[in-house]
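Structure first, then comments.
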């Protein structure tokens with residue numbers, strides 16, 4: 001609590017005074033700084049803890065609604081900002097620290113929206129890749145099926161050719177055997193001679 005009675009987080013008020021000092025390059029009165037609320041000058045070392053407010057704040061932190069919110073581990077402040085350089089959520093006190101002051105910081109809601117857009121774009125890219133892979137697989141499937149069909153047609157053609165050849169040979173054999181059947185009364189020697197003549201044709 002400042003000398004004028006206004007309450008601030010100790011780290012917040014000190015950071016505010018440090019920023020004011022760095023902007024002005026000095027201070028009007030040695031050891032005095034303006035209150036951010038009423039601008040009344042306050043001795044920097046005259047900060048007093050407000051024990052009642054501290055107790056009320058502690059009780060509020062124990063409330064389920066407050067505990068459900070994400071708090072900064074260092075300052076127990078709500079994580080409202082997102083540091084894009086460190087890719088981490090930070091509180092308003094962290095924002096004014098030397099670590100994060102030069103970094104690009106955005107409201108956490110804005111960071112969430114940006115990440116949603118990035119996730120949506122990544123999802124679209126993945127879907128496009130899957131569709132491309134699907135087309136390639138479909139083309140490969142058609143190529144394999146066409147090759148199998150051509151191979152099947154080739155095998156069927158060869159079988160038909162073999163069947164035709166066998167049928168032709170069978171008819172030729174029947175023509176050879178037909179004269180022998182008409183000569184059943186011939187002697188075995190004559191039959192052998194007749195067969196020899198037929199086979200030599």
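Numbering starts at 1 and runs along the chain as displayed.
Cβ atoms here come from the backbone N, Cα and C positions, even for glycine.
Any TrEMBL annotation is an automated prediction that lacks curation.
So that you can see what the record holds, here are the features copied from TrEMBL:
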COILED    138-176  coiled coil
DOMAIN    4-39  domain 'RING-type'
DOMAIN    67-108  domain 'B box-type'
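Remark: secondary structure over the domain 'B box-type' (67-108) totals 6 helix, 11 strand, 25 coil, with classes taken from DSSP. The domain 'RING-type' (4-39) scores a mean pLDDT of 65 in the predicted structure.
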